[in-house]
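Novice: This is the structure I want to talk about, given as structure tokens.
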Ligand SMILES: [Zn+2]
């Protein structure tokens, strides 16, 4: 293996207060780090750095852990430009929302779906995302859900079965039969390709009883739950997620005090997806309320062609600081270590000896610039699994 010293780092974000100053970011000023193989093996002050086979001069840039995008929907065909344009122009739009994407996804070849996925993964990598989760949910047949997960699994370990995204149009008259399919034959075909099971628990999608059936069946097959919860209104999703020990309750836009208390006292991460509120002109989730209560908060893109077509974690950080009451430090933590917590990973989302060498250099001396300079392409260099890929 070859070791690499990255030195002359103005500010290193370790996300580990045991290795740097202050919580939650554990900062080291005038820092350096050493990568050996796919791991970080040393962090500290540049003046104390050991020798390595090669040296990279960060030239006064900040270094942060690669972003962990713990919620995306990247297996899809087509796009929804007309729908977005109508919504933002105040015009009614009668086309079918998710159903439009379902039709386009079913019609797409495997090669086209995979090429689309790779395109958005490259786009995300250019913006510093080194780990991503992605879901099925636009096929809604046994064949189309399973093939989406097979394709996803070629590109990430964090694959989520979301057969319960909406009731398939083929079962519009018999939602109970669709839940039977999702918890039966479709689950059997999908479980071998997935780590997680997810459900859209929302009025118009799946109610609390249906969501419980989906998550319980997934757990019985060895999948770990995560839940689309409380995005469009109050509902049972968050409490169900906490009760079933889901890794994450995602969206959390409309919360009661009981929901907040449950998230604060359980192990379920609250994953906030501000791209969705931005793209639908909806009220922001209240990150401050969750943080003050003691909940663990993650930020993610929800990248999908309908309600949040951004792959940019820096954009989500900026929104969270501007509109959701997060400090810049809290938002950077939530987009890195928070995402790792939402995926129950301890090897990513931090820069400390033993962690996977997923490192991003910013064209800025401080991670605060991610919110301070919104919309600016600050990501200059990316190492993923210890390999420089940008
Ligand atoms: Zn989603």
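Yeah, the Cβs are placed from backbone N, Cα and C, and that goes for glycine too.
The model shown is predicted, which means the values in this text are computed figures rather than measured ones.
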Novice: Of the residues 302, 323, 329, 347, only one is listed by TrEMBL in the Zn(2+) site with 71, 73, 228. Which is it?
Specialist: 302
Novice: Which of these binding-site residues is closest to residue 80 (4-imidazolone-5-propanoate binding site) if you go by CA atoms: 71, 73, 304?
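Specialist: When the Cα distances are compared, 304 comes out closest.
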Novice: With the Cβ under 6 Å from ligand 1 as the test, give me the qualifying entries from the binding-site residues 80, 138, 231, 302.
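Specialist: Listed by sequence, the hits are 302.
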Novice: Which residues in the same chain, at least 6 apart in sequence, have a Cβ under 8 Å from the Cβ of residue 302 (Zn(2+) binding site)?
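Specialist: Residues satisfying the criterion: 71, 72, 73, 250, 251, 273, 275, 276, 308.
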Novice: Between residue 138 (4-imidazolone-5-propanoate binding site) and residue 304 (N-formimidoyl-L-glutamate binding site), what C-alpha distance do you get in Å?
Specialist: 10
Novice: Taking the Cβ of residue 231 (4-imidazolone-5-propanoate binding site) as the reference point, list residues of the same chain whose Cβ is under 8 angstroms away and which are at least six residues distant in sequence.
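Specialist: Sequence-distant Cβ neighbours: 202, 251, 253, 254, 276.
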Novice: If one measures from the C-alpha of residue 165 (4-imidazolone-5-propanoate binding site) to the C-alpha of residue 304 (N-formimidoyl-L-glutamate binding site), what distance in angstrom results, rounded to a whole number?
Specialist: 12
Novice: Whole number in angstrom, please: the longest C-alpha to C-alpha distance across 80, 138, 165, 231, 307 for 4-imidazolone-5-propanoate.
Specialist: 20
